[in-house]
Amino acid sequence: MVHLTDAEKATVSGLWGKVNADNVGAEALGRLLVVYPWTQRYFSKFGDLSSASAIMGNPQVKAHGKKVINAFNDGLKHLDNLKGTFAHLSELHCDKLHVDPENFRLLGNMIVIVLGHHLGKEFTPCAQAAFQKVVAGVASALAHKYH
């Protein structure tokens, strides 16, 4: 559960509606793979991940980024039940994919960075704080199965 004020909820909802979510997802996942190269081990089937330009242009990275951001978007619709919303994905990433749960936090930070880049001056410190709460809640929900 994420505790947002009414103003924070309005900020998150309003700003989220201004971005192309698919682009945010693709760029955030790409940045994760570039900035934290050890995360690439989970994506060995994605082909060429040899350089930043290869990663950012990789169609499989873009497609998976879209999938990731669609799940994030679902979370935005269920902020009061993130654990329930992400229960299946938490189980999948824990039991089958064996993803280090710290990566969820790192990806959340990449989403915030990309939002800041795309929204510019509209992404105020208060907006960033609201989105940080959301991505922290999503990361916690995704890591729930690990506890």
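Backbone N, Cα and C define each Cβ position, glycine as well.
The model shown is predicted, which means the values in this text are computed figures rather than measured ones.
Residues Ser13, Ser90 are shown; Swiss-Prot lists phosphoserine for one of them, Ser13. Swiss-Prot marks one residue of Ser44, Ser53 as phosphoserine, namely Ser53.
Cross-referencing Cys94, Cys126 with Swiss-Prot, the residue annotated as phosphoserine turns out to be Cys126.
With respect to Cβ neighbours within 10 Å, the modified residues Ser13, Ser51 differ, and Ser51 shows the lowest count.
If you average pLDDT over the domain 'Globin' (3-147) in this model, you get 90. Mapped onto DSSP classes, the domain 'Globin' (3-147) shows 121 helix, 0 strand, 24 coil. Each of the modified residues Val2, Cys126 was scored by the number of other CB atoms within 10 Å of its CB, and the largest score is that of Val2.
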